[in-house]
Amino acid sequence: MWWMDEDDMSSVGRKETQAGELRENTSIFKSAFHVFKANVGTGVFMLPTFYKDSGYILAPILGVVIGLIVVDCTHNLLNTKTRINRRDCTTYSQIAHYVFGPAMAWFLFIALCLTQFGFCLMYSQLASATMDNMLEFNTKSHYLWVSLVLLICFPMTCYSDNLSLLGIGSLIATICVFYALISCLVQSLMTIHANGGMSKTCNAKGTNIPVGYFNTLANNMMVLEGIAVVLPVHAACTQKRLMSPMITIVLICVIAWYLIFGLIGYLAYGTTLTESLVNVMDLSAWGISIRVFFLLNIILSYPLQFMSAQQLIDVIAKCKPRSWVGLGIRLLINLIIWALAMAMPSSAVNIVVAFIGALPSCCMVLLIPTMVRLQVDYACEHPDEPRGSWHYWKMLFTGNGKPCTFLRARGLVYFIIGILIMVIGTYAIVLEYFV
């Protein structure tokens with residue numbers, strides 16, 4: 001079949017991949033599913049809750065702006081990889097190391113781990129909240145659901161090096177998320193019709209002006225969470241020349257869907273919606289089916305988000321994915337995520353989402369892709385120049401004699417927006433949840 005590659009299931013018994021290495025065995029169709037699933041996870045069901053800060057007029061505009069910026073930054077990162085064109089520069093961290101040296105690579109490594117494993121934590125919390133919403137055994141049921149997520153997801157993370165095999169899970173998760181999204185959209189439209197219009201709690205301009213605007217940007221950027229997946233997907237794809245147009249098409253479709261879904265959900269429920277849109281569905285047979293498909297999407301998305309950071313850890317630890325060391329590291333990380341999920345109530349998911357969007361996600365999605373794209377040409381032309389020297393960093397700001405290009409103008413705008421999101425977005429989170 002078109003979605004099956006020759007060595008999907010024949011990989012058993014073959015030579016193990018080396019530390020951090022991915023098998024080049026993934027078709028463009030599976031690659032598209034990986035990019036789609038990396039950007040359409042559980043966060044999309046929380047989109048309507050983001051609109052309260054900016055209202056139903058400005059929030060969609062901000063969503064379009066940040067969405068187009070993310071598309072451009074994703075291409076910046078991919079173009080940087082192809083410009084370097086070295087077998088030892090295939091991961092996000094390796095590219096950052098080549099362009100800016102070990103300090104940037106370690107900074108990115110920390111940001112990537114916080115972001116990707118933070119998503120896994122968010123998945124555990126949302127799975128627990130969804131199960132509690134369906135059938136609560138007792139006040140301790142949260143611990144049961146979080147433990148089940150660990151038991152189910154840990155074995156899948158042991159195969160994080162084989163994207164072709166994970167592609168089957170991505171395909172199933174795509175079907176699940178489509179069913180849940182369309183069902184929630186239909187229910188939201190029915191609610192608007194039954195109420196005779198939008199919810200009375202909806203606001204046109206937002207409730208937190210202008211600080212909330214940056215919170216909206218941070219949250220929308222967090223939902224477009226799949227930039228770290230692009231490089232390993234490109235490395236594993238057998239049709240690399242189709243990657244760039246595929247990424248553009250997939251991300252534009254995702255952004256368009258996000259705008260429709262977020263706006264209609266907000267108009268239906270307004271500020272009364274505080275968690276995932278799934279949890280306001282009726283506990284009918286249809287509503288339960290939505291929750292079941294939503295849970296399947298969570299479980300199958302977990303290993304894909306886990307993969308991006310784990311690939312870098314394998315490189316640092318110099319271990320093969322299914323060696324004893326590799327399995328031990330995966331178990332340890334999963335146990336840390338499990339412990340954090342056990343310690344935090346499922347209602348704390350909004351804080352996790354907001355911090356991911358304002359801090360590590362902003363660095364990964366906006367700042368670092370912009371910086372490496374602006375400097376990669378000079379880095380390739382001067383591979384032996386010390387990356388920490390003043391002259392080398394001066395070239396980043398002066399453009400090596402070309403300071404006024406469209407690429408540099410875009411980069412400056414993205415950098416300013418990223419810094420503002422980090423500073424003001426973090427302030428908004430602290431103000432809302434801790435003060």
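Including glycine, each Cβ sits where the backbone N, Cα and C put it.
Now, the feature entries from TrEMBL:
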- 25-375: domain 'Amino acid transporter transmembrane' (DOMAIN)
- 56-78: transmembrane segment (TRANSMEM)
- 99-122: transmembrane segment (TRANSMEM)
- 142-159: transmembrane segment (TRANSMEM)
- 166-190: transmembrane segment (TRANSMEM)
- 217-237: transmembrane segment (TRANSMEM)
- 249-271: transmembrane segment (TRANSMEM)
- 283-304: transmembrane segment (TRANSMEM)
- 324-341: transmembrane segment (TRANSMEM)
- 347-368: transmembrane segment (TRANSMEM)
- 412-434: transmembrane segment (TRANSMEM)
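Remark: the transmembrane segment (142-159) makes no contact with the transmembrane segment (56-78), by the rule of 3 or more CB pairs under 8 A. The largest share of C-beta pairs under 8 angstroms with the transmembrane segment (324-341) comes from 99-122, of the ranges 99-122, 166-190, 217-237, 283-304, 347-368.
Listed as Cβ neighbours of the transmembrane segment (347-368) (distance under 8 Å, sequence separation of 6 or more from its ends, same chain) are residues 43, 46, 49, 69-70, 73, 92, 96, 104, 107-108, 110-112, 114-115, 118-119, 121-122, 125-126, 129, 215, 218-225, 227-228, 274-275, 414-415, 417-419, 421-422, 425-426, 428-429, 432-433.
When Cβ distances are compared across the two stretches, the transmembrane segment (56-78) makes contact with the transmembrane segment (249-271), since 3 or more pairs at least 6 residues apart fall below 8 angstroms. Sequence-remote contacts of a segment are chain residues at least 6 beyond its ends whose Cβ falls under 8 Å from one of its Cβ atoms, and for the transmembrane segment (283-304) they are 34, 37-38, 41-42, 45, 120, 123, 126-127, 130-131, 133-134, 149, 152-153, 156-157, 159-160, 166, 169-170, 172-173, 176-177, 179-180, 183-184, 229, 276.
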